[in-house]
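Engineer: Have a look at this one.
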Amino acid sequence: MTTVTDPARPVVKETSGPPAGRRRGSFGFNTVSPREKVVRYLLLVFVLLITIGPFLWQLSTSLKGSGEDIYTRIPKLLPAQPTFDHYKAVTDTIPVWDYARNSLVVAVLVVGGNVLGASLAGFALSRLQFRGRKLVLGLFLATLVLPGEVTIISQYVTVREFGLANTLFGVALPGMIGALNVLLMYNAFRSLPIEVDQAAIVDGANAWQRLVYIGLPSVRGTISVVAIFAFIGAWDDFLWPLIVLTDPDKYTLTVGLQYLSGTFSNNPRLIAAGTMIAFIPIVIVFATLQRFFFKGVEEGAVKG
Amino acid sequence: MRRGHLAPVAALAAAALTLAGCGLGSSDESGSSGAKPTVDANAQVTGEVSFQTWALKPKFTSYVEGVIKAFEAKYPGTKVTWLDQPGDGYDKKVLSQASAGQLPDVTNLPPDFALSLAKQNMLLDVAAADPKLAEEYVEGGVQAYQYQGLDGTFGYPWYLNTDIDYWNATKFAAAGLDVKNSPKTFDELLAAAKVMHDKTGGKEYLMSRLPGIGDFTNAGVKIVSDDGKKFVFNTPEAAALLDKYRDAYKAGYLPRDILTQEYLGNSKLFTQGKVAWTTGGGNAIQDFQKDNPSLKGKVVPSPALDTPPLYVQGLSVSAKTKNQAAAIALARFVTNAENQAAFAKIVNIFPSTKASASDPYFSKSDGTPESDAKVLAFESLAKAKVLQPPVISGATNDFIGQQISLAISGKMSSQAALDAAVAKANQLLTQ
Amino acid sequence: MRYNRWFTPWVLVIPALTWLLVFNLWPSINTVILSFTNARPIGGGTFVGLKNFETLLHDEQLRWALLNSVIYMVVCLPFLTVFPLLLAVLVEKKLPGITFFRTAFYTPVVASAVVVALIWQWILDDRGLVNGLAEKLGVISGPLPFLSDQWLLLLSAISLTIWKGLGYYMIIYLAALGNVGRELHEAAAVDGAGPVRRFFYVTVPGVRGTMILISILISVSALRVFSELFILSGGKGGPGGRDNSVVMLIQQYSQGFEGNLGYASALSIVLFFVTVVPMLVLARLNRRGAEA
C-alpha cells in the first residue's frame, strides 16, 4: 500500500536539479563584497535597535542599585551603581537550581515528545500514502483554529484522571505533541525532492529506513525549530504548571519566580534579575540550535 | 432502540458538564441550605489539617511557620500542612482546586472568591460553629464574609487594609498649592487639579484615576438593590459624577492615557513622578521610595477623601474538610488578636480583631511620614467601608470600566453609558 | 521481505493523533456542548438552548471585536509574510557575530508581557518617545493619542504584533531557507542573476510552501490576537470595550469565579468559524499553486 508518490509536489525541484559535480561555493557565491558587508551590518544593527529594547531594559534594571530610580522619564540604560546583589538575592530567596531542574525535566519531555511525535507524523503525512491521510491532515490543520480558550480547567481534570496531578509529567503531557509542530514537519518533509525517495525505494529501502537515513537528516533545520518552539513553550508556561502542581518542591522556574513578587512587596529589580536568570537557558538553546538551520542541506543525503 | 442511541450523547453531555469544572458539583449536596457545620463543639482538635496562604513565601515564612508551630504545640496531635500559592493566577488555582474537590481545609480567600465558593456550598458557615465570631472581630471584617441571599458567615476576617491619599509636595509647590492643606473633598480635588494644570501650562497633572464603583458608593449612589438581584447605579448622581470627570478630562486636567490604564495606574504614575496624587495603603510610602528614591521626603499623606475603602482578607474553611474541629481551631488561631498583632508589626496591615484597637503601635506616630501614614490609615479604618460589593467581579467589572471610560472620553453621554453598564451587569448577574 | 505493511503509516501517525484527540478535539467538543448551557466555572450549569447565540447577535462589543480582528488580519498578513523573510535572508549569510544578531532578533518573542508593556507604553504614551520626537521635529503640534484613541490603539497593537512576529516567523523561514539548497542559488548566480533576481526566482519559490503555512499561521493568530491588545489597553479593551478582540472577550467572560463559561464558549465557536474561512482560502491557494 505504501508508496512514495505524493500529490503535493515539492516546489524546489521544478526549477532545476542541482547540476551534477558542481562544488559548493566554488565560484564565490559565499564571499561577500566589503560594500555588501557594510550594508548588511547597517541593516542588522537597525533591526537590532528595534528588537532588543525590552531585553536591555530588563538587564539594566536587574543591575541597578537599590538607591536608583528605575522609572526615570527617559529610561537610563546604564546603571549608575551597577550591582549583582539582586542576582544573589534571587538565588538566596528561592532554590533556583531545583526549580530550573524541574523546568528542564518538563522541557526535555516536551521537546522529546514533539521532535519524535511530530517527525513521525509529519513524515507519514507527507511521504507515505494511506487511506485517511487527507482526513488526518485536515484534523491537524483544524486544530489550529479549534476553540481552546476555555479549556484549561477541563484539561486539568483530564490530567488528574490520568493520575498525573502534581507531577512534572502531568505538566508536560498536554504539550508533548503539538499540532503546529506536526504541520511544520509535514511541510519540511514535503519540500524534499521525491526523486531521492524513489531512488531509495529502488534500492529496497522501507519506510523506516527512508525516514531515518534520508528524511530526518534533511530536515534538521525544521527539527531544531520544533525543538526551540517546544522548549520555549514549556519553559515559559506559567498558568498550566501552577494549576497542575501543588507541591512547591516540584515548581517549575516560572512558577517559583513568583515568590519574588509577594503580597506586600515588589522589587522590580529583583524580578528583573529573576527574569534574566530564566532567560539564559532560552538563549543557550537558541544559540545552540540555530546553526542547524543552515546545515540541513550541506550535510544531508541530497547528493546530485 | 431509541434510548440506545441517545444514551451515549447524554452521557457525553453530562461528562462535559462535569469537565467544565463542577467536579464535585452542588447538585449532589443540594437540599442542605448552606453548609451548616454539624460540628461537635467538644470535638477533639487533633489530626492533620491543610492551610493555604496567598503569596506569603518567602518573606513571611518564618512568621507563618512560627504560628503553625505554636498551634501544634497548643493542640498536641495536630499536624498542619502549609501551602503557599504564588501571587499570580491565584483565582485559577483555587478554581481548579474547587473543581477537583480538593480545596485545602483552611484557605485564604478574599471576600469575592469566598462568595462564589459559598454559593456552591463549598465553604463552612464559621459563625454557626463559632458563636463568638461577631464578638471578637470587627464588624466590617465579619460583614465582608456575609452575603446577600446567603445565610451565614463564610470566613474569619484575617487582616484589613484601607487607602489614604498621598501627595507630591514638590509638584504642589510648583503649582503654588499648599500641600499641608491638601484637598479634602472631590470638588476641592477638582479645583486643585485645575490650578495645577493652569499654573504649570498643562505640564503637571494631579489626578490620574478613572472613577469606579467605589466612587459611586462614596457619592451616595446605591449599587445593588436591597434584595441583591439587580444593579441600580444608573442614577443621575452617578451621571453627574461622571460628567465632572468628563469635563476635567476634556480640559486636560487628567493625562489622556488613563482611559486605558490598568487598575494600579495612578500609583504607578505617582511613583514615576508623573502625577501629584495617588491613593495607597498605609505602607505605600516605602514602595514609592524604593522604586523611585528621588521621591524621598516629598510624599505627604492625608486621610482619604470621603469614606475610605475597606479591604479585607480572610480565612475560610472548606465544607468538605475531614477534620472540621482542627480546621476551625486553626482558622481561629491564625486570626486571633495576638497572632494578627504580631503579623501587623512585620508588615503594614491592620488586625481584624477588636482587641487590637487599643494597641499603641497602630495609634501613635513616631513623627516620620511613614509612621504618620500608618496611623492615618489605622484611624481611617474606623470609618472605612467595603465600597465595591463582591458580586462585581470578572466580566461585570470589566464592562462597567469600559462604559465609564467611554463616558469620560465624551463619546457617549454619562447616563447612556451607565444605563448600558447596568443592563449588561444585570444580564451577567442573572445568566 | 515485506517492509511496507499497511499499518506502518498509522504507527507513525497514531501518537500525534492520540494527543490531538485527547488534548485538542475532546476539549473542543466540550466547548460546543458548554455553549448551549449557562455553565459557571464551578457548579456546572443547565441547558439553555440557543440563548447564548441569541445574545451574541445583539452584542455590540462582538461586532467591534470582529471588525478589529479582520482589520488586524488584513494589516498583519502582508507585513508578517514579507518582513520576516527579508530578515531571514539578511541573517542567513555567515558573518562574524551573526549568531548574536539571530538570537537578539528572537528576543521579543520571549520577552515577558510586563516588560513589553512597560517599554511600549514608554514609547507610545502622550509624552513618550514617538510623540516627543515628532514634536521636536515639528511634525505634529500636539501629541497623538496612541493609547487612548480607538483606532490608534488598534494600530499600536498591530505594530506590537508585527514587532513580536518578526523573530518568530524569521526562524521558520530560516529553516526553510536551509532546505532550499545552495546549489540553486549557485546555479542562478552562474546564469548571471543578481541578488534581487535570485531572491524572486530562487528564494521565494523555494519557500513557497512555508510562506503559505506562515500566512495561515499569521491569519489565525491575528484573528485570535490577545496579549498585544490586552497589554496596550490595560486589560480593559479600551473605551467602551471597542478595542477588544474576540479572544479578549472570551477571556473577559470566562475569567474568575463567576465566569460565564457558556457565553464564552459560544464566542469561541464564533471565533472558530471566523478563523476557518481564511484558512480554507489559503489552503486552497496552496493546493492550486502546488498543482500548477
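Even glycines carry a Cβ here, placed using N, Cα and C.
Note that TrEMBL annotation is computational and uncurated.
Straight out of TrEMBL:
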type	residues	note
REGION	A:1-26	region 'Disordered'
TRANSMEM	A:38-57	transmembrane segment
DOMAIN	A:100-288	domain 'ABC transmembrane type-1'
TRANSMEM	A:104-123	transmembrane segment
TRANSMEM	A:135-156	transmembrane segment
TRANSMEM	A:168-189	transmembrane segment
TRANSMEM	A:210-235	transmembrane segment
TRANSMEM	A:270-289	transmembrane segment
Engineer: Do at least three C-beta pairs under 8 angstroms join the transmembrane segment (A:210-235) to the transmembrane segment (A:104-123), pairs 6 or more apart in sequence?
Structural biologist: yes
Engineer: Applying the under-8 angstroms CB criterion, which one of A:104-123, A:168-189, A:270-289 scores highest with the transmembrane segment (A:135-156)?
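Structural biologist: Comparing A:104-123, A:168-189, A:270-289 against the transmembrane segment (A:135-156), the winner is A:168-189.
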Engineer: Quick test of the contact rule: Cβ under 8 Å, at least six residues beyond the ends. What residues does that give for the transmembrane segment (A:270-289)?
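Structural biologist: That would be 55, 58-59, 61-62, 86-87, 89-90, 93-94, 96, 100, 103-104, 224, 227-228, 231-232, 235-236, 253-254, 257, 260-261.
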Engineer: Sequence-remote contacts (6 or more beyond its ends) of the transmembrane segment (A:168-189), Cβ cut-off under 8 Å?
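Structural biologist: Distant contacts of the transmembrane segment (A:168-189): 102, 105-106, 109-110, 112-114, 117-119, 121-123, 125-127, 137, 140-141, 143-144, 155, 159-160, 162, 215, 219, 221-223, 225-226, 229-230, 233-234, 237, 240-241, 244-245, 250, 252.
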